[in-house]
Amino acid sequence: MARSKTSHNWLKEHFDDKYVKMAQKDGYRSRASYKLLEIQEKDKIIRPGMTVIDLGAAPGGWSQVTSRLIGGQGRLIASDILEMDSIPDVTFIQGDFTEDAILEQILEAVGNTQVDLVISDMAPNMSGLSAVDMPRAMFLCELALDLAGRVLRPGGDFLIKVFQGEGFDIYHKDIRKLFDKVQMRKPSSSRDRSREQYLLARGFRGIDGAASIERF
């Protein structure tokens, strides 16, 4: 079957992309690594020895960056519905995060450890229909926030990919109840046409200080 013009254009854009070329040169698995690196350069959210959870981790770009920054004394638990080639000292849990069984596996891996940072680059498969895509995206955001509320230590941080649209304002309001400081980030490595942004919430107050966000 011949490739469509749209498919051809996407491939050309992909391989002409400077961040794709940089990832190949620097040994990163995806251009997404540079989104996290840019946020890290500005906000210093990852430090040696931290315990971190990486949601939507495959193919592993964010996990590569995080693992290097937390070092040998740190701990990284990564999860994705897709397979991910192993990374030294990274615990990987494959499965659908919307299923309770996968949540329980992540919680079991965390154990009694208090987590310093939860990062999420999760996104649903996009149909191009906002009425379909936004509820799916917000559902993943709610589940990630629920996990963060369960595992973060007081003062911990939360970084998540979001798409502004129906449901975002309520979500943003919920997060502001749970964290001391909430900011939006749009890394230069995020494609211009993409509606994605990253919400950075710092200084977790603990569930006792705000309404709990229930898992759907």
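Note: Cβ is positioned from N, Cα and C throughout, glycine not excepted.
Quantities reported herein were computed from a predicted structural model and do not represent experimental measurements.
The annotation in Swiss-Prot ties Gly60, Trp62, Asp80, Asp96 to S-adenosyl-L-methionine, and of the candidates under consideration, Asp17, Asp26, Asp121, Asp133, the one tied to the same site is Asp121.
Taken residue by residue with DSSP, Asp96 (S-adenosyl-L-methionine binding site) is part of neither helix nor strand, so it is coil. Neighbour counts of Cβ atoms within 10 Å were compared across the binding-site residues Asp80, Asp96; the minimum falls on Asp96. Other Cβ atoms within 10 Å of the Cβ of Gly60 (S-adenosyl-L-methionine binding site) number 24 in total over all chains.
Separating the Cα atoms of Asp80 (S-adenosyl-L-methionine binding site) and Lys161 (active site, proton acceptor) is a whole-number distance of 15 Å. The Cβ of Trp62 (S-adenosyl-L-methionine binding site) has 29 other Cβ atoms within 10 Å, all protein chains considered. Separating the Cα atoms of Asp96 (S-adenosyl-L-methionine binding site) and Lys161 (active site, proton acceptor) is a whole-number distance of 17 Å.
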